[in-house]
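First the structure, in the form of structure tokens, and then the observations on it.
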Amino acid sequence: IEIYSLHVDCKVTSRFAHTIITSKIVNRANESREATFEVELPKTAFITNFSMSIDGKVYPGIIKEKASAQKEYDTAVSHGQSAGLIKITGRKLEQFHVSVSIAAASKVTFELMYEELLKRQLGKFELLIKVRPKQLVKHFQIDVHIFEPQGIRFLETDSTFMTNELTEALTKVQNETKAHILFKPTVDQQKINPELDETLLNGDFVVRYDVKRGATAGDIQIVNGYFVHYFAPREMPVFPKNVIFVIDRSGSMAGRKIEQTRDALLKILQDLRPEDHFSFITFSSKVAEWKSSLLQATAENVASAAGFVQTLSASGGTDINRALLTAVSVLDKAERLPERSVSMIILLTDGQPTSGENNVEVIQENIQEAVDGKYALFCLGFGFDVSYKFLEKMALSNGGIARRIYENADAALQLQGFYQEVATPILMRIEMQYPENAVEGLTKNNFKLFFEGSEIIVSGKISNELDLLPVEIKAQSHASDLTLKEEANVKEKEQVFQNQSYIFGNFIERLWAYLTIQQLLEKSISAQEEDQKALEAQALELSLRYSFVTPLTSMVVTKPAGQQQAELANKPTEAG
């Protein structure tokens, strides 16, 4: 079985990435063989299309409602398992895997298409392409086109497998608003050494970039009646933060996990700003406060905290409920905190609640009642013994987010990286306002906090007769209350994309659908049951209308007669 051609074709238009992977395979044996198509794609992406063509006949993947697809194909799919064709393979990736038997001398072409909105983190966008053909490929190429009307501020490529030989196969062409990256290694360049038929191509190929930002009220782009508004203010004073680290030191954290936690916390302590206030609460079956109140991050206090962190050891059960309630009461009682400051609780745990209150629903209610919208709660789940669903619901119900920390060598870096994302709040209570009578289907437009290095994105549909789209942003910065205003000329904005040959026409509409589905799914996690059903119904309708494989839809992949007739591709979620 020979992969004679493998193309990755990626177009990024104003952060919205559209990727097509095409693999052509020939069976050089004189009997039937299995041809396999295995691709890793970002978890944040939605698959939109898949097809196999065998000797000229096309077998398309059909996207259906998950429940009905599951019923139809229950025989083919192991019950309720997401055995299907997609599984999570790591912190950022999931794997799509399909095999088909092809006759001697036959050819098969696999084509997979997926889309995602690139998310700005720590000041850059990242496009991740996983490369692992497992054999030398005669025609191999990665083709990335980027078009950013705001202008490209910087662009870099990075890869885990580059050699001097391979860099010769990489070309970058760039002007003010466009970039083209081509990676096209010959078979010889792909070899680990000239004697062996082993490939070097195994790992990540990453493109990172950021855009220029001129306008203070962000940047608006419009195509075919849909708009997207990007807002990422720069160079603003940072809010002091009051942060309580709630650290699990139950028995299961013993060994490597607690070591990695100590390493990460020591680095995080160094990153605190002098005007920040902080404290630690550690918990197993018992809850212990490092100090009874928040301390300012002076050199002396940070040094004393570092001493404490180095003594952290692990044993006992897990009382998440009392640990979090203690954290909330420390913030409630805090005095002399800076007038305008942001308070947050960062929970790190690796297990289920086993001590004290261990009914997760009761814990969620207790915490939500205690936090009462005053503080942001971030939940980090270490490894796979946590109930991620519980942590995610708790974080989203309290203005924060959840993140899984993978038990790898880089766990300390993952923890630090997470902290850096939330380390510099520069705006709070952000309201993005648009004329009510002229805009519909607006995505989320109120945000509690904005962190330096990220980006706020709002999208919606504008009514036909609008010539000018006025926007107003209200927010609080550390220095003052802000009001920013901007007017977008609809016709001028539409013009920007008119003459771009390689843009997929309705990309802002698809971006709007992608963002709306992501937000509906996120909202449904912390919603009451009846609201949950309505949110999911809406997300399902959009997933089907725009053909996205989301957690609510399945793609049914059919094969030639005589083979396992149908398989399901279901999107896995972090909560499983």
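Going from the start of the chain as shown, residues are counted 1 onward.
A Cβ is built for glycine as well, from the same backbone N, Cα and C atoms used for every other residue.
Automatic prediction, not curation, is the source of TrEMBL annotations.
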Among ranges 42-69, 126-153, 518-545, 546-573, whichever one TrEMBL labels coiled coil:
518-545
For the domain 'VIT' (1-116), DSSP counts of helix, strand and coil?
7 helix, 74 strand, 35 coil
Mean of the pLDDT scores, which run from 0 to 100, over the domain 'VWFA' (242-422)
96
